[in-house]
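Participant: Sharing the record's features from Swiss-Prot:
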DOMAIN    78-177  domain 'Fe2OG dioxygenase'
BINDING   HIS96, ASP98, HIS158  Fe cation binding site
BINDING   ARG168  2-oxoglutarate binding site
Amino acid sequence: MMYHIPGVLSPQDVARFREQLEQAEWVDGRVTTGAQGAQVKNNQQVDTRSALYAALQNEVLNAVNQHALFFAAALPRTLSTPLFNRYQNNETYGFHVDGAVRSHPQNGWMRTDLSATLFLSDPESYDGGELVVNDTFGQHRVKLPAGDLVLYPSSSLHCVTPVTRGVRVASFMWIQSMIRDDKKRAMLFELDNNIQSLKSRYGESEEILSLLNLYHNLLREWSEI
């Protein structure tokens with residue numbers, strides 16, 4: 001399943017990020033890509049050795065960790081270190097699949113269950129640059145407002161179409177979920193959404209408490225901690 005997570009960053013935060021990223025040191029995006037991806041990747045990434053990168057990636061981690069909808073959809077166990085990329089002048093990233101595991105500075109290794117893109121450029125400011133994801137439900141083309149994030153299974157083939165006008169800047173990361181299975185995670189997310197909707201409409205009740213108990217028992221049964 002694919003999820004749109006709105007408002008991860010405020011407009012003010014997005015403007016500040018863009019201003020700072022204009023001063024960033026950018027390097028060839030293939031430095032973080034395996035052999036297969038390097039054949040189809042043509043973009044730039046912020047140099048991860050810079051002090052600016054360290055500050056901005058911490059802000060992204062704080063923002064997603066504080067976003068309730070992100071937590072409900074991803075049920076994150078481990079977040080990768082966020083990276084930042086830039087596409088311009090017909091740069092693109094052809095169809096590829098993300099690696100199943102990635103190194104992690106604290107945990108050694110992490111499994112990539114979900115991929116996330118946090119858009120930092122207004123969609124009207126550039127042409128092209130759609131994130132195209134192929135999954136069991138078909139093909140999805142994604143171009144979200146700045147500050148919004150999209151979550152999708154890392155097992156999906158995906159690409160970024162050429163940016164033919166303007167500049168597309170984004171942050172991206174991977175998530176190891178407490179729930180490895182996409183279908184189980186989607187069921188928990190739907191159940192959680194319905195519980196929250198019922199609580200806001202009717203207040204607390206024995207029936208809602210029973211559903212909440214069911215949610216946590218399923219999470220307890222399926223989670224890998």
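Each Cβ is built from the backbone N, Cα and C atoms, and glycine gets one as well.
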Participant: Over all shown protein chains, what is the count of other CB atoms within 10 A of the CB belonging to ASP98 (Fe cation binding site)?
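Facilitator: Summing over all protein chains shown, ASP98 (Fe cation binding site) has 20 other Cβ atoms within 10 Å.
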Participant: When you tally the Cβ atoms that lie within 10 Å of each candidate's Cβ, which of the binding-site residues (HIS96, HIS158, ARG168) has the highest tally?
Facilitator: ARG168
Participant: Tell me, by DSSP, whether ARG168 (2-oxoglutarate binding site) is helix, strand or coil?
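Facilitator: DSSP call for ARG168 (2-oxoglutarate binding site): strand.
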Participant: Provide, as an integer number of angstrom, the distance between the C-alpha atoms of HIS158 (Fe cation binding site) and ARG168 (2-oxoglutarate binding site).
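Facilitator: So the Cα of ARG168 (2-oxoglutarate binding site) lies 17 Å away from that of HIS158 (Fe cation binding site).
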Participant: Tell me, by DSSP, whether ASP98 (Fe cation binding site) is helix, strand or coil?
Facilitator: coil
Participant: Check the domain 'Fe2OG dioxygenase' (78-177) for me and report the mean pLDDT.
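Facilitator: That stretch averages a pLDDT of 96.
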